[in-house]
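Here is the structure we will look at.
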């Protein structure tokens with residue numbers, strides 16, 4: 001199985017496009033991570049909007065550059081709003097991304113996410129256990145935590161990509177991005193990133209934004225993984241622990257955008 005690597009030039013080009021286009025991202029995400037997700041998008045130059053009311057969500061999905069569906073704090077009313085937004089995004093050809101949080105551990109959200117797959121997401125981002133569960137390979141995971149290595153989920157991710165037409169992102173010590181034919185691996189990051197709530201969810205929002213960019217969508221999404229890992233490495237070098245990591249991480253994202261504009 002061939003796994004390609006992303007070049008720094010590809011990553012820099014995608015970040016330049018990101019800053020240039022400043023996607024408006026409709027984030028229907030979980031309650032725990034909304035502020036961090038919004039700040040991550042802002043630091044990179046995107047515009048976040050957290051619209052969750054059913055009538056508003058359906059309308060906003062038509063005008064946003066991209067839509068994120070994150071089921072981390074799923075409720076029945078929220079599921080209805082998400083379904084309405086996805087249906088409108090499909091009609092309006094708005095790219096949308098699914099983050100199937102804890103789908104391997106909880107049956108209600110697994111059924112809901114499987115239903116959403118019929119609307120053909122542009123991208124799917126999850127950890128190894130989530131991707132394997134969504135692909136029907138195995139149930140598992142410890143809530144939002146993975147119990148599988150990312151590399152073990154590559155075959156499931158490739159199958160899921162081929163079946164849905166989505167670009168699938170499996171995150172872990174190494175991130176893997178695949179469209180079912182090409183697979184790109186992104187190294188880097190730091191274990192401390194797993195001790196801060198929302199780094200994966202924020203990545204899903206950046207992935208959603210990248211789906212709205214021109215050019216090679218797989219490379220743009222792989223670049224999103226690279227930016228987050230780069231920023232994580234820089235932040236860890238300046239941090240004393242999870243508490244001081246977050247502001248340094250946001251600063252590092254901002255600095256990355258400034259460097260590609262120089």
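Every residue gets a Cβ built from N, Cα and C, even glycine.
As written in Swiss-Prot, here are the features:
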BINDING   50, 198  substrate binding site
BINDING   125, 171  ATP binding site
Chain-internal residues near residue 171 (ATP binding site), provided their CB is under 8 angstroms and they sit 6+ positions away: 125, 126, 127, 150, 200, 203, 225
Cβ neighbours within the same chain of residue 50 (substrate binding site) - under 8 Å, at least six residues apart: 27, 28, 29, 34, 38
Which same-chain residues, if any, lie at least 6 apart from residue 198 (substrate binding site) yet have Cβ under 8 Å of it: 32, 33, 36, 37
Protein Cβ atoms within 10 Å of residue 125 (ATP binding site), excluding its own: 33
